[in-house]
Structure formats: structure tokens, C-alpha cells
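Enquirer: This is the structure I want to talk about, given as C-alpha cells.
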Amino acid sequence: MSRKKIALIGAGNIGGTLAHLAAIKELGDIVLFDVVEGVPQGKALDLSQCGPIEGFDAKITGTNDYADIAGADVIIVTAGVARKPGMSRDDLLGINLKVMKAVGEGIKANAPDAFVICITNPLDAMVWALREFSGLPHNKVVGMAGVLDSARFSHFLAEEFQVSVRDVNSFVLGGHGDTMVPVVEYSTVAGIPIPDLIEQGRSTKERIDAIVQRTRSGGGEIVGLLKTGSAYYAPATSGIAMAEAYLNDQKRLLPCAAYVEGKYGVDGLYVGVPVVIGAGGVEQIVEIKLDDEAKANLQVSVDAVKELLVACKGIDPSLA
Ligand code: APR
């Protein structure tokens, strides 16, 4: 059996980290694509030289030609411009929409059977646009947001309760950004729901509310510190977890930006929901019971995504 092929569109900070992780995990051979000449080739060569030390055989190549992504099993898209301080994800809309058009057409022409994971922001709009431009089935195109958002939430919760991150399971829904909906009732430490831990006096509602807020603005906090770009280690790690779920048919239940039609009262939008990822791509969308507050928060999030799609259609009439 030949090795799997992973194409990474965008060889910037996240793209390079994705390639490094995919190689170390031997997920398959890796093609790094970028519009800038020399960057994907240089990064591929540098990363290939990790092989003898780390002991991986994954072949890593860099390219500026979409023809080289042909036959990719998984494609992870990070092409575009990252947020600068003071810039919201939505400011990126116009610039990155054009990038999604080029990438979508490149995928359609060269690798229409791939499972595509979009990371480019503003995520919920970009994954939708990428799906439209590529014409791939909805279950084969997903957005990476919830895995990262819930990792951020879990990290802060583990610190708060002074427990291992391995024992924290947190749950987020909705759009990626300020309107994401961390669901406290479904977030647990070794199966114990957070509200029960508050009742036991292990934390307070105020402290958990502050953690929820910090999770919502988790990306912005890092942008503010880095000053020259946005987070990349945890976003890449999250993308790789989704790729592994598909490649190894793991049937993992992960929060992802998936195309929702009907469930959660959403009709025909990409929004963050729990999904099962396996060899069939997005195999299931899991609906959970939400209280009125979470429902209202999810609606705010959905409305924000809808607004972005209206803006996209205004910028590119072919999407209307
Ligand atoms: N096709 C392919 N690559 C492109 C294109 C394009 N049309 N336009 C830009 N790129 C490349 C850039 O040359 C750059 O190498 O995309 C890469 C983006 O890399 P970085 O600027 O380092 O950004 P990164 O931190 O990797 O984030 C990428 O993910 O989380 C989101 O908000 C983030 O939208 C941003 C994306």
C-alpha cells in the first residue's frame, strides 16, 4: 500500500508546523504549497533534514504548482493573511476570500477526492467559501476551530482545578471568534461537570465566567503578545488531530465547523458543532440538548456567521 499524501496549502507559520507534525507522526508524504517562490521549497528542505534525526521517512516537497497536490488524501488550508494586532478576524474577509477562490479552484482541478480542512480565518465564512469554490461534497470539507477553542478552554480549566489536562474534557459550540459558545454544563473534569465542581467550592461561577471570556478571546490574546502574527502551534496541532481522525478512520467526536442543515435550528451554514470524523469525512453531526442561555448564545454566533456570508456574497457575486 502506498503512503498517504497530505497537501498543505499555505507554507507560513501554521503550514510549516503542520508539515513538521505530520512528518514526525508519519501521516504520509507531504507537499507544501505556497504562492511565494522559494518558501515552500526552503521549508520542505529544512524539514526533510529533521528526518535523519527524528527517524521519519515521510517525503516532504515544496511547490508553487497546484498540479503537485494531485491525488492528495488530505488537504489542510492555511493560505491567506494572518491577523495583525488590532485587526479582527472579519477584517481579513476580503483578502482571504480571494485566496479561497484560488485555492478552491486548485483543489477542484487537482484533488477533488481529498478531505479538506480549512484553518484560514475568518473561519466559518472561509470554510463555506472554500466549499463553494471547490464544489466538493459538504462532508469532505470542514473547518478547524472547535478543537482549538476547546483545547484553550481545557488548558485554562486544568490550571484552575490544578489537574492534568488529560482529565479535562471541554465543549464549545458556535462560530470561531468572539461569539463562540463554551458550554460549561458539558465540560467536565474526569466526568464531573464544572457546575458540580463549583457547587463543591472548587471554583466559583465568576472565575469560570472569566475563563470562558478568556477562551473566547484566546486568539486575540496571543496576537497581542506576538505582535507580528497569530497563534500557530495549537492551531496546527488541532488540524493534525482532525487529519488523523480521517486518515485512520478513528470516528473521533470533535467540535468542528461543519455544514449544518436542519440540526441546531441551522439551515445551510458552516458552524461549530460536534461531529464524528472517520474515513467517510464528516460521518455524523451530533445534536446535544442546550439550555436557553446556550441556545441564545448559539443563535448570536449563527447570526454573526450569516452576516459574514452576506458580506462574502457582496464581495464576490459568484457566491450569491
Ligand atoms: N495561495 C497559497 N498560499 C498563499 C496565498 C495563496 N493565494 N496567499 C497567501 N498565501 C500564503 C502566504 O504566502 C503565507 O506563507 O499563506 C501563508 C500564510 O502564512 P502566515 O502568514 O504565516 O499565517 P499563519 O499564521 O500560518 O496563519 C494562516 O490561519 O489561523 C489562520 O488567521 C490565520 O488566516 C490565517 C491562516
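Placement of Cβ uses the backbone N, Cα and C atoms for every residue, glycine included.
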Enquirer: Per TrEMBL, which one of D29, D34, D113 shares the NAD(+) site with G10, A11, G12, N13, I14, G15, N96, I119, T120, N121?
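Expert: For the NAD(+) site that includes G10, A11, G12, N13, I14, G15, N96, I119, T120, N121, TrEMBL also lists D34.
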Enquirer: Over all shown protein chains, what is the count of other CB atoms within 10 A of the CB belonging to H176 (active site, proton acceptor)?
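Expert: The answer is 28 other Cβ atoms.
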Enquirer: Under 6 Å from ligand 1 by Cβ, which recorded positions from G12, I14, D34, R152, H176?
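Expert: Once distances to ligand 1 are taken from each Cβ, G12, I14, D34 fall under 6 Å.
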Enquirer: Sorry to bug you, but what's the C-alpha spacing from H176 (active site, proton acceptor) to G12 (NAD(+) binding site), rounded to the closest Å?
Expert: 21
Enquirer: Just checking, which of G10, G12 (binding-site residues) has the fewest C-beta atoms within 10 Å of its C-beta?
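Expert: If we count Cβ atoms within 10 Å for the binding-site residues G10, G12, the smallest count is at G12.
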